[in-house]
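Asker: What TrEMBL records for this protein is below:
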type	residues	note
TRANSMEM	12-30	transmembrane segment
TRANSMEM	68-96	transmembrane segment
DOMAIN	118-217	domain 'P-type ATPase A'
TRANSMEM	237-255	transmembrane segment
TRANSMEM	267-288	transmembrane segment
TRANSMEM	559-582	transmembrane segment
TRANSMEM	588-606	transmembrane segment
Amino acid sequence: MFNYLMRSRQGQFLLIGILFTILGYILSGINMQLSRFPFYIAIFFLGFYAAKEAVVETIQAKSPNVDLLMILAALGAVVINYESEGAVLLLIFAGAEALEDYASNKSTNAISELMAQVPDTAHVLKANGEIIKVLTDELQVGDIVVVSKGEQIPIDGMIDRAAMVNESALTGEAVPVEKESGAEVFAGTINEGNVFYLRVNKLSSETVFSNIIRMVEEAQNRPSKVSKFIDRIEAKYVIGVLIAVPIFIFILYYFNHLGFQEAFYRGMVLLTVASPCALVASATPATLSAISNGAKNGVLFKGGAAMEALSRMDVLYSDKTGTLTLGEFQVTDYEVPEDVLKEVVYMEQQSSHPIAQAIVTGFKELNLDTVDQTQPVEEKTASGLVKGAIKVGKPSAFAGYRDNHHYQAKAAEGKTTVLVSKGDDIVGYFSLADQVRQESVSAVSGFQQQNIDVILLTGDNEQVAKKVADEVGITHYIPSCLPEDKINYVTASQKNNKLVGMIGDGINDAPALASADIGIAMGSGSSVAMESADVVIVKSDLLKLLYSFNLSRRLNSKIMMNVVFSLSVIVILVILNIFGLLSLPTAVLFHEGSTILVILNGLLLLRQRKEAVERQSRVAVDHTVN
């Protein structure tokens with residue numbers, strides 16, 4: 001904290017003010033008249049920035065603020081020869097302001113920490129074999145970058161060989177991730193395996209890290225509704241206090257028959273204790289702390305309003321592919337004659353469809369040397385792939401074909417089915433399934449235990465939708481949804497006074513994400529989905545969403561606790577002052593002390609860790625099993 005104060009002019013002024021306040025109290029025991037001068041100097045240094053902010057903000061906003069109340073109270077104390085109380089008032093106020101700035105700085109450290117994790121330079125392999133060092137900002141798409149073992153990856157790109165990459169900077173997970181040749185790696189992560197070459201596929205300003213930094217910066221400038229409300233009432237509240245204080249002094253002087261100095265002194269006490277310092281600090285430090293906590297744990301909120309909305313969510317609509325599932329098809333079972341199988345695998349190699357790629361991957365060890373590769377492969381709309389007498393496609397493309405082995409019945413098993421025909425006969429099939437994410441079951445159960453209705457929206461058929469819903473533990477599912485259908489379901493729930501969340505990863509989810517009260521995008525999804533969302537889950541882990549939900553609820557609880565506490569302190573101190581039971585130093589101590597406690601309470605949100613959510617998820621799994 002001391003080093004933080006020494007780095008800023010405002011902090012240096014605070015330290016100087018503290019020294020002169022101490023000197024004033026030392027001299028007061030020797031010479032009261034002489035002690036006034038150190039207090040005057042202390043008041044100047046301690047009140048300089050508060051006075052500057054009071055004047056500037058009052059002129060710019062055309063309304064008074066909390067700083068103005070504190071400056072007036074300190075000046076009032078000086079007028080009636082209570083310089084020591086004025087100095088102590090500004091000392092604690094300036095200390096609370098410094099602590100709030102420190103809290104904000106600690107919260108926004110997420111940005112500087114992220115920036116520090118991305119190297120400034122990279123080693124580029126030139127065409128002539130020379131390796132040169134260049135700034136990452138100068139890297140172009142297509143450049144080849146050499147990344148040695150233990151080095152941080154300077155930019156996003158595709159790797160030329162298998163690698164072990166520590167992605168904890170992005171996801172918070174310390175276990176290295178195995179990457180295959182051709183996989184994408186990200187700036188700021190660490191190569192924990194052998195050296196590899198990386199082909200740049202994004203400029204430094206477009207990397208995942210750059211997007212995270214941009215989103216966190218934007219989030220910190222988007223206050224919650226509570227923060228906005230407090231900011232709106234601050235000016236009116238201050239005006240009310242400025243009107244109430246002279247009236248209070250007048251009443252004490254004329255009706256209670258107090259001397260002017262005593263009445264004025266009590267008025268300065270009222271000016272101090274009625275100031276909404278703690279109330280103003282109730283929301284912002286806590287919100288910034290929660291946003292930073294989320295960023296460190298792989299959850300990006302686009303502002304305090306997004307966190308507030310998430311905490312009040314009633315219904316969560318979820319996409320299937322890439323959200324509840326991995327979005328990666330795998331062949332689960334098949335039955336195809338061996339000679340036809342080789343032809344089919346060759347045919348699928350000519351297609352870029354995910355199902356085709358899954359079949360190719362499933363049979364990558366198959367030797368295709370005997371396949372006639374001179375005969376063309378045609379890709380026909382609504383029919384599939386055709387090569388001579390062999391056709392591969394979805395079941396609906398084989399109406400009227402002879403099916404002696406009843407392969408078409410496989411389509412009713414809840415898996416994606418591909419049929420194979422030779423001539424007019426169906427001779428084989430492939431059953432494929434998208435693998436359910438292991439963490440989806442725990443996350444869904446966790447939400448359901450907190451009375452959040454989780455509903456599956458998918459474009460897949462009834463059988464596939466039901467199978468995935470059963471595996472994950474979702475009771476309500478809606479199959480065969482088009483993008484516009486998803487919007488309709490979201491708006492229908494909103495009309496029933498439900499606060500609706502929508503989570504997805506694809507371009508087709510973007511309209512529903514934008515329509516929902518809280519849109520949540522998986523980090524592995526499309527850029528359109530992430531731009532449309534209010535929350536981005538960096539690692540595409542649904543447990544992260546459960547984590548962010550609990551974090552947002554803790555934030556709301558902290559803010560409410562802070563507001564109630566700060567208002568209670570104000571009311572109690574005002575009542576004590578009305579009955580003449582409060583001195584200015586005591587008022588300052590309790591009033592500014594409450595501000596410090598409120599700020600520290602908000603900072604506690606920096607400490608919540610993902611382990612708490614993991615414990616909850618284990619409980620959720622046990623509950624589901626039992």
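Positions of Cβ are set from backbone N, Cα and C atoms, glycine also.
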Asker: Using a Cβ cut-off under 8 Å, which residues of the same chain at least 6 positions beyond either end of the transmembrane segment (68-96) come close to it?
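Answerer: Tertiary neighbours of the transmembrane segment (68-96) are 13-14, 17-18, 20-21, 24-25, 28, 35-36, 39-40, 42-43, 46-47, 49-51, 54, 58, 238, 241-242, 261, 264-265, 267-268, 271-272, 274-275, 277, 281, 583-585, 588-589, 592-593, 595-596, 599.
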Asker: For the domain 'P-type ATPase A' (118-217), how many residues does DSSP put in helix, in strand and in coil?
Answerer: 20 helix, 34 strand, 46 coil
Asker: If you average per-residue pLDDT over the domain 'P-type ATPase A' (118-217), what number do you get?
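Answerer: Looking only at the domain 'P-type ATPase A' (118-217), pLDDT averages out to 84.
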